[in-house]
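Colleague: Mind looking over this structure? Questions follow.
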Amino acid sequence: MDRDEEKGHGDRSLLFIGDEDDDLGVDRDGGSPPSSDAGSSFSDRSDDGGDGDGADDGTGTGSGSGSDDDADGDGDKERAPNVARQQAAWPQSYRQSIDMLSAVQSPSVTSIMAASPSITKFGSSFLKAGSSFFLKKGATEGSLPLTRPLLPPSLSQLSQQQQQQPAGRPSTDSLQPRPPAPQPPAVQQRPSAACLKSNYIELPPPSSKCSSGQSIINGLNVLCGVGILTTCFGIKQAGWLSLLLLPLLGACSCYTGLLLKRCIDSSPTIETYPDIGRAAFGIPGRVFVSVCIFTYCPACCVEYITLLGDSLSSVFPSAHLAFTGIYLNSHNLFAISMALAILPSVWLRNLSLLSYLSAGGVVATITVVVCLFWVGIGDGVGFHPSGSALNLTHLPLALGLYGYCFSGHSVFPNIYSSMKERSQFPFVLLFCFIVVTIVYSGVAATGFLMFGESTMSQFTLNMPQQYVPSKIAIWMTIVNPYTKYALTMTPVALSIEEALPKMMRNYVAGMCVRTALVLSTVVVALSFPYFALVMALLGSVFTMLVALILPCACYLSIKRELVPLWEVVLCITIILIGLGCAFVGSYTSINQMIGGS
């Protein structure tokens, strides 16, 4: 029996946040408030329990179990901080929302049907006919029952149910038929008042640990993004020798990813990137890391809007709108219309269905790459060597574009925490970076050999429209950001909703927050419709900060005297390189955007 079942938290799909945490903590054990990530990933490292580490959630064993005060009393203050205060720190919703970006263990089919009353009602006759089958599957696989109530039971009820359970779980074959349950009330078409409250966020966390193969897919899904579209544009800007930056940045990013692993291993209370910032620099460090990541997410959504507008305007170049003196060209028209189409998905509280689509990032990337080679080899476009060896003037711009390709460090701690065999994480990380570096370098060289100096910010815009592979590639670049927009914006929306006053934590306020976020991305995308320049700015600032600077700084702060001298020099060197690239790259990108290039 795993740690979740021992604590009576087998269903971890509901994340409780806000001021209700205090009441829930009293319901559970009268001690510290519960963690949103309790029992999700550190069961392997906290089984010893006798060191006081078991007090991280109030349910540990040994002398440290019971409460945080006991943990402080047994002299283990230096190893683990006050976990109650750490878990109460903002943001509480980080773990569950960031897990969605990497598609960690997508929920089962029964989970989706349980979370969708309309589907359950539509197939009620089928569900009744196969109730015994689903009952056995739910008992053996730990999936959610199909008759899951709309609102979750309180933690006090869960603890009572845990106390009433027998020590040994009988086999499902020997279970007697259940007496007929009372007929539940009819499902309301409108959410209940309790459901409208923003006291909990319904997100599907990983139901089980991930294998190494699943972790590789998750890592590739994070790293294989829209950055691949601009790699050949980087060669156009800075020359062929700029390709050497890809393996250099990939090696540095892979090393800093391993540093994040070491930081997590230093304490059982560390599971996510903000936890690492907390362990290194206290509450200010946790807030700073969270703000950096939550600023990067809407900036990526700005890129998605720009990409959608550019792609659709290339398919329908003559589309426009003129109404009451307002004229919208094809790019602005499609950017606004696609934002309005995306808005309902941002309002969703349960993103279970979208989590399946988010896993299509790897498939979309592979499809676009195959279509690019297909057009170059099979459809007669051919390859035409051209370009300069090195252009130092635009090298900072290419540096930002290449840096954006390795911006996955905000998710790496979540992938590591969800792994079944954490010792395989270095191999998983190295494999992902090698594959991604080879793919990015190959696409960059192939795209520039095909289109030369006419290469645009997205190579899909250069692909001839009369060929079928070109149409497939363009539509894949449209579908991919459309499905990922809501998942990328969700962490920001949840963090803002957490910070709202208690009286404003309701469904209407949440919809207003999410609508304002979508509108802000549209305004920024229309004000700065420069896909490559905005991506270079993000790569120069946030990627250098989150992927290079912060991992090294946190590692040196957490490990301190345990770090050998050569590694201290290496970390300081990476920090200086990251700072230099951030300043030069951001200055170049902002200067060109102001100039309107």
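Note that Cβ sites are derived from N, Cα and C of the backbone, with glycine treated the same way.
Quick paste of what TrEMBL says about this protein:
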COMPBIAS  1-12  compositional bias 'Basic and acidic residues'
REGION    1-93  region 'Disordered'
COMPBIAS  31-43  compositional bias 'Low complexity'
COMPBIAS  145-166  compositional bias 'Low complexity'
REGION    145-189  region 'Disordered'
DOMAIN    210-590  domain 'Amino acid transporter transmembrane'
TRANSMEM  238-260  transmembrane segment
TRANSMEM  287-306  transmembrane segment
TRANSMEM  326-347  transmembrane segment
TRANSMEM  354-377  transmembrane segment
TRANSMEM  397-416  transmembrane segment
TRANSMEM  428-452  transmembrane segment
TRANSMEM  472-494  transmembrane segment
TRANSMEM  506-526  transmembrane segment
TRANSMEM  532-556  transmembrane segment
TRANSMEM  568-590  transmembrane segment
Colleague: Could you name the stretch, out of 238-260, 326-347, 472-494, 532-556, 568-590, with the greatest number of CB pairs under 8 A to the transmembrane segment (428-452)?
Modeller: 238-260
Colleague: Looking only at the recorded stretches 397-416, 472-494, 506-526, 532-556, which one has the largest tally of CB-CB distances under 8 Å to the transmembrane segment (326-347)?
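Modeller: Of the candidates 397-416, 472-494, 506-526, 532-556, 506-526 scores highest.
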Colleague: Considering only Cβ pairs under 8 Å, which range in 397-416, 472-494, 506-526, 568-590 makes the most contacts with the transmembrane segment (287-306)?
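Modeller: Looking only at 397-416, 472-494, 506-526, 568-590, the most contacts with the transmembrane segment (287-306) come from 472-494.
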Colleague: Please work out whether the transmembrane segment (532-556) lies in contact with the transmembrane segment (506-526), by counting C-beta pairs under 8 angstroms that are 6 or more apart in sequence and asking whether there are at least 3.
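Modeller: When sequence-distant Cβ pairs are counted, the transmembrane segment (506-526) does not touch the transmembrane segment (532-556), since fewer than 3 lie under 8 Å.
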Colleague: Among 397-416, 472-494, 506-526, which stretch has the highest count of C-beta pairs below 8 Å with the transmembrane segment (568-590)?
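Modeller: Most contacts with the transmembrane segment (568-590): 397-416.
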Colleague: Counting only residues 6 or more past its boundaries, what in the same chain has a CB within less than 8 Å of a CB in the transmembrane segment (506-526)?
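Modeller: For the transmembrane segment (506-526), the sequence-distant neighbours (Cβ-Cβ under 8 Å, at least 6 residues beyond its ends) are 191, 195-198, 298, 301-306, 309, 332, 335-336, 339, 342-343, 346-347, 489, 492-493, 496-497, 500.
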